[in-house]
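Report on one structure; see the data block that follows.
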Amino acid sequence: MGTIAQTLTGVIPIVALIILGALLRHLRVLDDIVVEGYKRLIVTVVLPAVLFTAFLSMEFQAAYLALIVIVPLACVALLALGVAVGRLLGAPRVAPFLFTGFEFGMVGLALYTAAYGVAEVPTAAIVGLGHEFFIWFVYVTLLKRQSDGAVSLSETLLSFVKSPVIIAIAAGLLLNVLGWRGLLADNPVGGGVLRSLEYLAAVIVPLILLVVGYGTRLTRAGAKAAAPLVAARYVTTLALAVLLSEVVAGQWLGLGQPVRAAVFMLFILPPPFIVPIFLPRERAVETIYANNVLSLYTVVSVVTFVAYVMATVG
């Protein structure tokens, strides 16, 4: 009975908050302008607060280095496979970018935190670290090149170092390596700053899941158009999620269940929500297609993660 109760405790908030987000859209309590503001708040303030505190407090293991390398390599392989799958399905040009990459920040951390608690966030953060390098140096560069033409290395590096998420990760890692966490926590000012960041980090689950619920809009025609690519990606990434979480992380690297859960979670997430942002106005049809894929895949991801939690917690 304890196992069932523990599972429901992790699952119910995820489902309830997503449904609430959709309900608030229907009741017009939330609108597009408000939700865009929420998204900016998440990306520039809340998510950096979560990642800074996570990397500041994490205890690094040598086995994590393997994951930091394996994850981006898997993403590159999915991108190459996405080119072939897109051609096979006759999908729009944007298809390869919907076949790889994962919405770690706006979906993954919220799902993982809701199910496993704030204490395990550093585990998810280290699993997602290699993915962030892939997104900034490979994914965004190629997506911009397809949309706008050539992108310079300096432009890529500038975008990378200016990202609040990257700044937070780098600062947290640096202070961790220097051993300054205790010094900060024991200092009244430093302790106050850390407590403020913890307060900000605490809102990530409700805020993101409300946004996810609000943004889940699917028509029958949209779902039908997106379904072939969603199905192809899902079958591929689900197999990869099981392989990397259970065989690589579990058996080969000997890492515990929290790490295995984080790896599984990462590879069943929807594609990055930034895809439609980079598509120019003249590719409006592809933008609609991308939004349909993202909406449908988000639903599939949440259902899969809930099923995983129910099967493994306890």
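Quick reminder: no glycine exception, Cβ is built from N, Cα and C everywhere.
Taken from TrEMBL, the feature transmembrane segment applies to 6-25, 37-56, 62-85, 97-118, 124-144, 156-179, 199-219, 231-253, 259-279, 291-311.
Comparing 37-56, 62-85, 97-118, 231-253, 259-279 for CB pairs under 8 angstroms to the transmembrane segment (124-144), the maximum falls on 62-85. Where the transmembrane segment (156-179) meets the stretches 37-56, 199-219, 291-311, the count of C-beta pairs under 8 angstroms peaks at 37-56. For the transmembrane segment (97-118), the partner stretch with the highest count of Cβ pairs under 8 angstroms, out of 6-25, 199-219, 231-253, 259-279, is 259-279. It is 6-25 that, among the stretches 6-25, 37-56, 259-279, 291-311, forms the most Cβ pairs under 8 Å with the transmembrane segment (199-219). Of the candidate ranges 37-56, 259-279, 291-311, 291-311 contributes the most Cβ pairs within a distance under 8 Å of the transmembrane segment (6-25). Sequence-distant neighbours of the transmembrane segment (259-279) (same chain, 6+ residues past either end, Cβ-Cβ under 8 Å): 67, 71, 74, 94, 97-104, 106-108, 111-112, 115-116, 120, 123-124, 127-128, 131, 135, 139-140, 143-144, 147, 233-234, 237-238, 240-242, 244-246, 248-250, 286-287, 290-291, 293-294, 297-298, 300-301, 304-305, 308-309, 312.
Within its own chain, the transmembrane segment (291-311) is flanked in space by residues 7, 10-11, 14-15, 18, 98, 103, 107, 111, 115, 212, 215-218, 222-223, 225-227, 229-230, 233-234, 238, 261, 264-265, 268-271, 273, 275-276, which lie at least six positions past its ends and keep a Cβ under 8 Å from the stretch.
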